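Listed in Swiss-Prot for this protein:
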- E62: site 'Reversibly protonated during proton transport' (SITE)
- 7-27: transmembrane segment (TRANSMEM)
- 56-76: transmembrane segment (TRANSMEM)
Amino acid sequence: MDPKAFVSGMAALGAGIAALACIGAGIGTGNATGKAVEGVSRQPEASGKIMSTLVIGSAFSEATAIYGLIIALFLIFKI
């Protein structure tokens, strides 16, 4: 087996695994948004506090997806 082909194949496999971080971020953001909507429907007067907490939590959740995407791009383009 050609070592260069092996390294390229493993880089593609690693990029695919790193891209799976987007799945977790999507699930987390979806759950958080659903709970925020439930909270606002129960206590409309607390909607400002709930939404600000949701935005901060979503930013942290999406940061994981961005890190996974960056690692995948690094592996694909061998930076």
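Using N, Cα and C of the backbone, Cβ positions are placed for all residues, glycine too.
It should be emphasised that the depicted structure is a prediction, and the values quoted were computed from it without experimental measurement.
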Beyond the flanks of the transmembrane segment (7-27) by at least 6 residues, Cβ under 8 Å: 61-62, 64-65, 67-69, 71-73, 75-76, 78
Distant-in-sequence Cβ neighbours of E62 (site 'Reversibly protonated during proton transport'), under 8 Å, six or more positions away: A25, T29
Where E62 (site 'Reversibly protonated during proton transport') sits in the secondary structure, as DSSP reduces it to three classes: helix
